[in-house]
Structures are given as C-alpha cells and as structure tokens.
Amino acid sequence: MNKLLELKSINAAYDDTLVLKDVDLVVKENDFVGIIGPNGGGKTTLLKVILGILKPISGEIHVNGSTIGYLPQINQVDKKFPISVRDVVLSGLMGVKKLFGRYSPENRKRANELMDQMGILHLKNKNIGELSGGQLQRVFLCRAIISDPQLLILDEPDTYVDSNFEGELYDILDQLNDHIAIVIVSHDVGTICSHVKTIACVNQTLCYHDSNIISQEQLKAYNCPIDLITHGEVPHRVLKHH
Amino acid sequence: MNSIFELFQYQFFNNAVFAAIMASITCGIIGSYIVARRIVFISGGITHASFGGIGIAWYMGLNPILGAALFGVLSAFGIEWLSKKTDVRQDSVIGILWALGMALGIIFIYMTPGYAPNLMSFLFGNILTVSSLDLFLLLGLSILTILVFAMFFKPILYVAFDEEFAKTQRIPVQFISYLMIALVALAIVLNIRVVGIILVISFLTIPQTIANMFTKDFKRMIFGSIGFGLLGSFIGLLVSYKINAPSGATIIFSFVMLFVIAKLVQLSLIAVRRREGVKEAK
C-alpha cells in the first residue's frame with residue numbers, strides 16, 4: 001500500500017512550549033484515521049504540521065501525490081464575508097489552478113455535481129452568511145474534495161452541527177473513503193470510534209492504535225482523560241466513575 | 001444647471017473631476033477589500049502613520065506625498081509582519097504607530113523653518129488644488145490596482161476569505177498579503193490629497209458599506225462602491241464649490257447622506273418583502 005503521508009520524529013512548539021514530541025505517523029491509501037486527545041494535547045497542532053501551516057522545529061514530513069483536502073473548523077471563517085457558496089466550493093481548486101488559472105466548464109460542472117451530491121445545489125448563489133452550520137459544513141466538504149485529493153483532513157467536523165447531520169456526514173465520509181484516505185480530528189470519541197478504522201491518540205506524544213478499539217487501560221497509559229466507548233452492534237459509551 | 005457645465009471651462013475643476021474619478025476607482029476596489037477583510041482599523045493606522053512621512057519629507061525639502069507613500073508602505077509592512085507573530089496584539093501596535101506617525105509629522109513640520117501653508121490640505125484634503133503630479137500618481141495607481149485585481153482576483157478573494165485554507169493549497173499567501181497591504185497603503189496616501197488624512201478612511205469604507213447593503217458578492221461590491229464613490233464625490237464637489245467649504249468634508253458629508261438614504265431604502269425594501277411574505281403565508 002502506498003504511503004500518502006509520513007511524519008518522522010516531529011517536534012513542534014509555540015514559542016517555548018513544546019506541543020508535539022517525537023511524533024511519527026504514517027497514513028496509507030484507504031486509511032481512515034481518527035485523531036483523539038484532550039484539549040491542548042496537540043491535535044490541531046498536528047494538523048497544522050501535516051498541512052504545512054506550522055513549521056515543526058525538527059523532524060521530516062513527506063506528502064505524496066496531489067494536494068491535501070482540508071476541512072477547517074467552521075468558526076474559523078468570517079461568515080459575513082461577501083462570498084457565494086459556489087465561489088467557496090470552486091476555491092478548493094486554487095491549488096491546482098495556481099495564481100492565474102481560470103475555471104473551465106468541467107470545473108464548474110464538477111462543482112455543480114458535488115453540490116448536488118451534498119444537497120446544496122439550490123444554495124449555490126447564496127452568500128455563506130445565509131447558511132446554517134450543517135449547510136456550511138457541506139460547502140466546506142465540497143471545497144475540500146473538489147480537487148480530488150488522495151488525502152482528506154477534517155478538523156472537528158462534528159462541532160456546531162446537530163446529530164442528524166453528524167450521521168449524514170459520516171455516511172458521506174464512509175463513501176469517500178473508498179478512494180480517499182481520511183484523517184479526522186474529533187473530541188467526540190464515541191462517534192468517531194464507530195466509523196474510523198484506526199485511532200491515534202495525541203497528548204504531546206502520539207500513540208497509534210491499529211484498530212478502532214481502545215481500552216480504558218490504554219487510555220490511562222497514554223494519559224488520555226477522555227470517555228471510553230465500547231463497540232457492538234449499537235455503539236454506546238461507558239463513562240468513567242464520577 | 002448651466003452653471004455646472006460652465007465649471008468645466010476651468011482647468012482646476014476638470015482636474016478635480018479627474019481626481020474624483022481616480023479616487024472612486026482606487027478607493028472602490030481597495031476599500032471593498034478593506035471592508036470585506038475587516039481591516040478598517042489597520043487602514044486607519046496606516047493613514048495616520050503616513051503623516052510622519054509627510055513631516056519628514058517636508059523637513060528634508062522632498063515631495064510630501066512621496067514621503068508619505070514610503071512611510072505608509074513601510075508601516076503597512078510592519079503591521080502585516082507583526083500580525084503574523086501570534087504573541088503580538090495587533091491593535092495595540094496599530095495604536096502606537098498611529099500616534100507615532102502623527103507626532104513625528106507635527107514635530108518635523110514645526111522644525112521646518114518658514115510657514116507650512118499646505119498643512120491643512122493634508123489634514124482635510126482639497127480636491128480643487130490637486131497638482132498634475134498628484135493626478136499622474138493617482139492614474140498610475142488606478143491602472144496598477146485594476147491590473148492586480150484583474151490578474152489575481154481569485155487568489156486575492158480566497159486569501160482574504162480563508163488564509164489558512166489558501167496556505168494548505170500552496171498559494172503564495174505571503175506574497176498576496178504583502179502586495180495587498182502595499183496597495184492599501186498607496187491608495188490611502190495618494191487619496192490623502194483628495195480628501196485628507198482625517199477623512200480618507202470614510203472614502204474607503206462608506207461607499208463600500210452602502211454597496212454591501214445591496215449585494216453580498218465581492219465583485220459587485222467593488223463596482224457598486226466605485227459607483228457610489230463617483231456619485232458622492234460629484235455631489236460633494238458641487239456643494240464644495242457652491243458653499244465654498246473644503247471639498248474633503250463636503251464629499252464625506254454627501255457619502256454619509258447617501259448612506260442614510262440607502263439605509264432607509266434597504267429598510268423599506270425589507271418591510272415590503274416581509275409584508276408580501278405574510279400575504280403569501282395567509
């Protein structure tokens with residue numbers, strides 16, 4: 001299997017605070033990796049390093065293939081910005097089009113197809129400020145995958161959306177996973193564990209679990225103060241004593 | 001009505017009209033970027049910082065606008081650079097640069113021997129006394145701004161909307177940001193002659209805010225701002241001539257009047273739509 005992404009002994013810091021210590025991670029084709037960990041554990045920092053937004057102080061990053069599709073947290077953008085849904089979706093092509101590129105009719109057709117698939121085609125001329133959280137999330141998902149990336153990275157896509165959309169989102173991701181490797185960060189361990197194939201727990205160091213089942217003992221060992229879930233036909237979670 | 005056409009016999013009035021057109025174009029484009037990106041306060045900082053450049057150039061016997069341009073662009077780069085460092089509070093830095101520029105300007109102008117007759121025109125602007133160098137610079141800036149926006153419209157829009165995502169797409173975000181902030185500084189400085197330091201920020205924000213009431217599309221917002229800029233500056237120019245008041249002030253006043261009228265129109269449109277909606281619901 002092809003390696004799409006490889007991180008080797010990454011150390012990353014903000015000023016003098018070390019956030020990631022000696023982190024290794026490999027993402028291969030068809031992977032569906034869930035990244036979990038406590039607040040301040042370095043989840044977002046890890047994404048920033050992978051995406052090339054933050055330069056690590058040491059370590060190697062290898063990205064194979066085309067651009068990486070990225071879905072940021074939706075509160076990261078200005079919802080009153082004068083931009084239409086269609087323009088946001090097409091902006092996912094800027095990595096391919098570079099500075100001077102113009103959109104071809106195929107690009108526009110592809111954008112329409114994606115918006116249709118996600119059920120937001122009727123909103124294409126709307127300003128993003130007129131959308132609900134779930135609709136905006138779909139717009140961003142279209143933007144993330146319009147360039148046909150081999151790797152898709154999602155930063156807490158389940159925040160600010162209702163559980164109804166959350167279910168739909170994971171259905172969409174399951175379909176996408178047929179041809180795209182996915183890395184997803186979430187604080188909602190219960191939901192992600194029932195969808196991802198493998199789990200990585202980040203708390204300064206990274207611990208990779210080669211399955212989507214983790215035990216309370218493992219969590220303790222890696223110092224992860226989070227809820228534990230167990231798997232079955234119906235996913236349910238067991239909370240710690242309190 | 002006849003008297004308006006008679007005005008065109010005068011060179012100074014033709015110059016003023018030309019300056020108003022150039023100011024509407026540059027401010028319409030750059031102002032839309034400023035309003036969309038919410039960098040009005042940064043722009044205010046650059047405006048006042050550039051007064052330091054005016055003072056220093058005056059003291060050294062150079063062209064004040066060129067001094068202001070250099071000072072303005074450098075302080076714009078300084079703000080942009082500092083804002084990339086997460087540990088610096090950008091608004092505090094702007095506050096410091098804002099005051100420093102004004103202080104330097106005043107110190108150097110007072111240290112210059114002799115009388116400084118044009119000082120008021122820098123603070124409040126006078127479109128009726130723009131020189132041919134000012135017009136030439138404004139024309140150059142208009143062409144440059146139009147070219148940059150025509151070539152890089154999409155990357156400019158996308159970087160302004162979501163810088164982090166643009167970085168993940170390997171777009172030269174830094175290049176675009178510095179290019180844009182330099183254009184912002186130049187637009188501010190060159191329009192100082194038209195409306196003055198104190199008022200230039202309104203030329204960069206009021207027509208844009210009016211346009212933004214009626215469209216949420218960035219491109220239409222630019223064209224709308226240019227239109228409202230032209231309308232407001234012509235009304236202001238005529239009022240300035242009629243009542244013999246500084247043109248900068250009358251232009252800005254007519255912008256605010258346009259804003260009030262536009263707000264009333266917008267509110268009544270919403271009321272009409274709501275009433276129709278209620279009717280349909282029944």
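FYI, residue positions are counted from 1 along the chain as it appears here.
Including glycine, each Cβ sits where the backbone N, Cα and C put it.
Annotated in TrEMBL:
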type: TRANSMEM; residues: B:12-34; note: transmembrane segment
type: TRANSMEM; residues: B:39-59; note: transmembrane segment
type: TRANSMEM; residues: B:65-83; note: transmembrane segment
type: TRANSMEM; residues: B:95-116; note: transmembrane segment
type: TRANSMEM; residues: B:136-161; note: transmembrane segment
type: TRANSMEM; residues: B:173-190; note: transmembrane segment
type: TRANSMEM; residues: B:196-214; note: transmembrane segment
type: TRANSMEM; residues: B:221-243; note: transmembrane segment
type: TRANSMEM; residues: B:249-272; note: transmembrane segment
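Away from its own ends, the transmembrane segment (B:196-214) comes close to residues 23-24, 27-28, 30-32, 34-35, 40, 43-44, 47-48, 50-51, 121-126, 187-188, 220-229, 232-233, 246, 248-249, 251-252, 255-256, 258-259, 262-263, 266 of its chain (Cβ-Cβ under 8 Å, at least six residues beyond either end).
Across B:65-83, B:95-116, B:173-190, B:221-243, the stretch most heavily in contact with the transmembrane segment (B:249-272), judged by Cβ pairs under 8 Å, is B:221-243.
Contact count against the transmembrane segment (B:95-116) (Cβ pairs under 8 Å) is highest for B:39-59, out of B:12-34, B:39-59, B:65-83, B:173-190.
Remote same-chain residues near the transmembrane segment (B:39-59) are listed as 65-72, 75-76, 79, 90-91, 94-95, 97-109, 111-112, 116, 122, 181, 184-185, 188-189, 192, 197, 200-201, 204-205 (criterion: CB distance under 8 Å, separation of at least six residues from the stretch ends).
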